[in-house]
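K.L.:
Below is one structure. I have some questions about it.
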Amino acid sequence: MRNQTTLTTFILLGLTDDTRLKILLFIFLFLSYILSASGNLTIITLTLIDSHLKTPMYLFLQNFSFLEISFTTACIPRFLYSISSGDKSITYNACVSQLLFTDLFAVTEFFLLATMSYDRYVAICKPLHYMTIMNSRVCKNFILFCWVAALIIILPPLSLGLDLEFCDSNIIDHFCCDPSPLLKISCSDTWLIEQMVIVCAVLIFIITLMCVVLSYIHIIRSILKFSSAQQRKKAFSTCSSHMIVISITYGSCIFIYVKPSAKDEVAINKGISLLITSISPMLNPFIYTLRNKQVKSIRIILVAVKKKKKLSLISRTPLRADSPQAIATKWL
């Protein structure tokens, strides 16, 4: 986004100018960010410290949680600062950085969701060969591919965006630096970059969605062939968390490609951005952990270990002769 004028900052309009709504919005975003960060960090910690979770599925989940934390951190803290301080300005360099990281994390997440679908396909359709096919080296290569593919896809439109000029306005009708409102205020010819953004977005969406759909078609076919109802239930429960997350992610993005009226387009884009950057990252840890018995049991064990440590520390602490605890102990 080259700027040949004196423009060095942009103004982010945010979501509302109403003071009461701003307070409610700040509380909601702050709590959702804390829940999102703590929930995803819990998943990362559990997958790192517990040997039972050293499987391909949890390696992908660990990276997915990292992406969720990174994605929401790229947008929400800056917006919270803007609400609390009233400072709506963002520097040119900060805007470019926010665009780069949000796009990188978002696109990587789509590729990772498709990879996780393939992992579930191998686990259910080829269970005897699962650990051979999805070995550690293959999983790491998949994760590396997701990051590299995302970077290759976002660099061409982002590079063209660096040459944009802004002459008449620096006001961005959004709460973060988003491509659509930025292109609207540019005085350069944006046709090529607009087409490139659309092509890249549609390709990412269609390619990854096709991988997901094909994987789950084979998964459902295999599950329906199971003779035992209990086996079918167990297989569906293994995929249920991933299917819910996919439904939320792709479902929210579908609205971007539904052409609204010009009046509603900005409001819809803001709403979808808020859903993707704050609500989805907050819900995903709960979806994965609440529906996963293995993760739940490990969390219970960790809580029990912490309580045991506290009790052992208390028991080592010398008690005063006249204290209630000492008197109670005397009669035991």
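Cβ coordinates are placed from backbone N, Cα and C, and glycine is handled just like the others.
Nobody curates TrEMBL annotations by hand; they come from automatic prediction.
Here the structure is a predicted model, which means the values were calculated and not measured.
Relevant sequence annotations retrieved from TrEMBL are reproduced here:
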TRANSMEM  23-46  transmembrane segment
DOMAIN    39-288  domain 'G-protein coupled receptors family 1 profile'
TRANSMEM  58-80  transmembrane segment
TRANSMEM  100-121  transmembrane segment
TRANSMEM  142-160  transmembrane segment
TRANSMEM  196-219  transmembrane segment
TRANSMEM  239-258  transmembrane segment
TRANSMEM  270-290  transmembrane segment
K.L.:
Taking contact to mean 3 or more CB pairs closer than 8 A (sequence separation of 6 or more), are the transmembrane segment (23-46) and the transmembrane segment (270-290) in contact?
P.N.:
yes
K.L.:
What parts of the chain pack near the transmembrane segment (100-121), using Cβ distances under 8 Å and only residues at least 6 beyond its ends?
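P.N.:
For the transmembrane segment (100-121), the nonlocal Cβ contacts are 56-57, 60-61, 63-64, 67-68, 70-71, 74-75, 134, 142-143, 145-147, 149-151, 153-154, 158, 176-177, 204-205, 207-209, 211-212, 215-216, 218-219, 238-239, 242, 245-246, 249, 276-277.
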K.L.:
Using a Cβ cut-off of under 8 Å, list the residues of the same chain at least 6 residues beyond the transmembrane segment (142-160) that approach it.
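P.N.:
Same-chain contacts beyond the flanks: 59-60, 63, 99-100, 103-104, 107-108, 111-112, 115, 179, 192-193, 196-197, 200, 203-204.
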K.L.:
Mean pLDDT across the domain 'G-protein coupled receptors family 1 profile' (39-288), rounded to an integer, is what?
P.N.:
88
